[in-house]
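Following: one structure in structure tokens, then a few remarks.
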There are 2 protein chains.
Amino acid sequence: MASPSHPPPDHGSNSVETRSPELRKDPVTNRWVIFSPARAKRPSDFKSKSPENPNPKPSSCPFCIGREHECAPEIFRVPVDDPNWRIRVIENLYPALNRNLETQSNQSGTDRSIVGFGFHDVVIEAPVHSIQLSGIDPVGIGDVMIAYRKRIEQIAKHDSISYIQVFKNHGASAGASMSHSHSQIMALPVVPSTVSSRLDGTKDYFEESGKCCLCEAKAKHFVIDESSHFVSVAPYASTFPFEVWIVPKDHSSHFHHLDDVKAVDLGRLLKLMLQKIAKQLNDPPYNYMIHTSPLKVMESQLPYTHWFLQIVPQLSGVGGFEMGTGCYINPVFPEDVAKVLREVSLA
Amino acid sequence: MASPSHPPPDHGSNSVETRSPELRKDPVTNRWVIFSPARAKRPSDFKSKSPENPNPKPSSCPFCIGREHECAPEIFRVPVDDPNWRIRVIENLYPALNRNLETQSNQSGTDRSIVGFGFHDVVIEAPVHSIQLSGIDPVGIGDVMIAYRKRIEQIAKHDSISYIQVFKNHGASAGASMSHSHSQIMALPVVPSTVSSRLDGTKDYFEESGKCCLCEAKAKHFVIDESSHFVSVAPYASTFPFEVWIVPKDHSSHFHHLDDVKAVDLGRLLKLMLQKIAKQLNDPPYNYMIHTSPLKVMESQLPYTHWFLQIVPQLSGVGGFEMGTGCYINPVFPEDVAKVLREVSLA
């Protein structure tokens, strides 16, 4: 970030050129973001410098069908018990948390330290190496969402689990060490800081306005596309360039309340957004995160807790300023991002 | 993070091998960190994969002495008015914030948006391209600290500035686009989220224990080295592998209260830590951040606000889990880091 020799702004026709920098804070992230067009290229000029190799050598990939024996234990597959599976949910071979520590985790140490009980699973999204998530049809992507839901429902039975994070790392610079299309589910014995901070922010908004700030997504953010049950937006105070949120139109606190019909509808809009991002930004590495609510959310919190899916293309690194302040510098205004992504043609 | 195919743990002699994962929370960061030795190499095995090129082509470097005309305006130099300067403080040629918007910044928009008034300066730490900060003698590094202090004192006169972040990005993957040794100073019209969160955490600790948690650094963290006025520690809940904090032994709320004697003493310990990190980790890219207090800190906050300098070698990337939760996975326990860094010999 904040490099003193950032390439000079492109002085071609650029609507943002003359704008002054602006700080924005979104109640959902509860963080200030600096929008700094003086450091920006034209929105249309953003391209990934590290596009994904669509088909790296699959010979050594344990996620490919037929190599199940090289993986950690399977939890379930789709279709159930079918050797010709389309999706597999398995344990992570090198889990960050240990699923066998539950008994101890109640007699945890100080409030500053607890034993590392938790779950760390992998969702293999396709049997064949060459298929990426965005290449699967909406029903198939819906099945991946339903697999997330099913695994969350299983894990939620454990009293010691407080929060479940579903996420996908696509591409090495987005944190993926496996090129076979997959996502991950981590279940934690604590409520992490971004979640508490999000609850604080959305609570304040609710107390001021009487509304859930994510029910207001269409009014308060910049709409890109929508499906029957979801809207995709460039958020008002997007932390990262070309960040996209997919938000349920109807108020819903927890991702795992998603029904099968909405899962396919989500699959359709997620596919569209991933395809537009790939085409516009040169197939960038990306992450997506499903931001849901703590498992034991209080009745009083339900009116202002609303799940959504955040997609972040990896276009910029992080430096000392962001690490020090938690405040990010975004060279592109989301209104410009929404305009660009609305107009991407996949024809 | 959290890659399903992380290289298996080294099964050589390794004290952490048999340890279970553990979650720790530090009052200063107010964030949970997962310590996950199952994903760790031996502490002694950590090496940077992208060591810094000690001497990239200087021919085109505007920060080198004699090319001052290629830079943005100078604010001051050390020694004052000396053509043979050792340090220059200049404006950033592509500032993220605009120093000419102050009058407007008071009539700012909603609580969710304000104009981007602020300062973004660069501190050129040496006149010659081949010199890195860790190669400067302690008095010279102390002069860099004094230059930070002087610039902070100037900026602090502006009523609209709430927080000043000093940071250094060393190496491309740490966010530096210039290889000439430099650091940056950004002054913000808001108090950023990590700072508010730090104040919340240290306040809770103070109310529970009656003590400032950073005055307790030697007791609560893992000591690496110390000088007359500072101690360097591997923090109890270090967010990043081989993260180091340098903490003033005497309670001090603001970095810019540093006197000249302590500045040189800080220079000595900072040099030692940077040299040890470079030798142990193969000259990794790194960031350091000076965590100070908001300019307008309340009297009641003074007992629990204590500045420190955080050094973070860039050894690991960030993925969807960290972005989603704000919770990091650290493969090395800080007690092991402290042991390794204590024993690094620079002879």
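Backbone N, Cα and C define each Cβ position, glycine as well.
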Review point. For the Zn(2+) site that TrEMBL assigns to A:Cys61, A:Cys64, A:His129, which of the candidates A:His120, A:His158, A:His170, A:His180 is also assigned?
Key: A:His180
Revision key, fill the gap. Quick note, recorded positions A:Cys61, A:Cys64, A:His129, A:His180, A:His182 vs chain B, Cβ pairs under 8 Å, ordered by sequence, gives A:His182
Review point. Average pLDDT across the domain 'Galactose-1-phosphate uridyl transferase N-terminal' (A:20-192)?
Key: 89
Review point. Using DSSP, how many residues in the compositional bias 'Basic and acidic residues' (A:19-28) fall into helix, strand and coil?
Key: 0 helix, 5 strand, 5 coil
Point to revise | Rounded to the nearest Å - Cα separation of A:Cys61 (Zn(2+) binding site) and A:His182 (active site, tele-UMP-histidine intermediate) | key: 12
Review point. Just checking, which of A:Cys61, A:Cys64 (binding-site residues) has the fewest C-beta atoms within 10 Å of its C-beta?
Key: A:Cys61
Practice item. Please classify the secondary structure at A:His182 (active site, tele-UMP-histidine intermediate) using three-state DSSP. Key: strand
Point to revise | Among A:His129, A:His180, A:His182 [recorded positions], residue with fewest other Cβ within 10 Å | key: A:His129
